[in-house]
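Read the structure below first, then the notes.
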Amino acid sequence: MSVPLLKIGAVLSTMAMVTNWMSQTLPSLVGLNGTTVSRGGTSERIVSAIYPSPEEGWQIYSSAQDADGKCICTVVAPAQNMCNRDPRSRQLRQLMEKVQNITQSMELLDLRTNRDLQYVRNTESLMKAVDVKLKTASDNPRSLNPKSLQDLKDKVTQLLPLLPVLEQYKTDARQISRVREEVRNLSLVLMAIQEEMGAYDYEELRHRVLLLETRLHSCMQKLGCGKLTGVSNPITIRASGSRFGSWMTDTMIPSSDNRVWSMDGYFKGRRVLEYRTLNDFMKGQNFVQHLLPHPWAGTGHVVYNGSLYYNKYQSNIIIKYHFRSRSVLVQRSLSGAGYNNTFPYSWGGSSDIDLMADENGLWAVYTTIPNAGNIVISRLEPQSLEVLQTWDTGFPKRSAGESFMICSTLYVTNSHLAGAKIYFAYYTNSSSYEYTDIPFHNQYSHISMMDYNPRERVLYTWNNGHQVLYNVTLFQVIKTAGD
């Protein structure tokens, strides 16, 4: 029996991505961002943004629909420095057109939600019917032999955890209906603005849109960890630097830090570029330079709570460098870890030690001689860099293209070249593993860095001199209190 647990997992992917882009590149543009519907690993297409010159005064974010009928919706608002009066009719007409697009997309989303919800209701009835049959069989054991009875019990036990998921699914459907009503109300407000043409105070409108954004953030936070089921098509942010490198934003949750850091190369580098926002990074402007006191090795760096964690060149020492004070707060040897291309990823590049962060903290991925070159995962204490716990995955590191952590699970790709896929997953919560088959499009054919950002719920990659993002789709299982 297949139940379409679609929207609960898929909303995680694009909502986080678009929310972050809006907060970084369009500070005043907020609202119904990134609502998506997807099945499994189906890719989403992110809408494009139009960045007007400062003198134009308006910032417009487009809505779009992909080939599979999935829609991505945004609310458009005037820039902060124009939130008083603006008589220019051309920008106002553009604004009204975008709102109409939002309304149409929400209508399509509502139709699909109702269709899928009916299927969910039918599935729920079927499960209850099976449960009734089980009770009947229990009351009259002669109607079933012991083996058949046990099989039926096992199947029903597997289905029971889906009941709270279905309840949450129906709640989400009602939430979509309420959000649609909010968009309709906003459209009426904008029509009033069009009639008044400059005599309207935009402060109330801005407040309404901020409230909508707050509601969406609250909804996203309720959707916690899950299992990776899909990766979107690549979103190229910029082409800069050499073939190898890394780029990142702060992975700490929660964080209002919108800075972007770029570290070009993997060998003896010391220069870190810090950009104020993602928009500045895309344009290559408004950056400062940090000159690290010790050079780095590899591309497995991570920024966590305002500090850069990286592997010191020609050593297994991890350094914590604090950006604001421009000083090293702590450095510590990762005992037994290979370095200097002893146990790198398949692409080499001194990628022996890979530091990363997810929803549950700071991690190091490496290997040692006693582990025979297999990937080792260690959870680190962020202040002291002390190893808290270690797992041996049994997967050879030289056979891995890259790896990243999501919700305490390590996902490993089978190559850094074209045709790569996510091939292996190790679950630290249960110390177990499985082989996976999650494809993704390696657009520029040579990935030298791939890290997950839990705050934005996207994958950051450095691909042959291109800085690329991927959305992820997480499948969530809501367990009952007795599980």
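Including glycine, each Cβ sits where the backbone N, Cα and C put it.
Where the annotation comes from TrEMBL, it is an automatic prediction and has not been curated.
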Selected from CYS219, CYS225: TrEMBL disulphide partner of CYS407: CYS225
Of the residue ranges 104-134, 166-196, 259-289, the one that TrEMBL records as coiled coil: 166-196
Cβ neighbour count (within 10 Å, all chains shown) around CYS407 (disulfide bond): 19
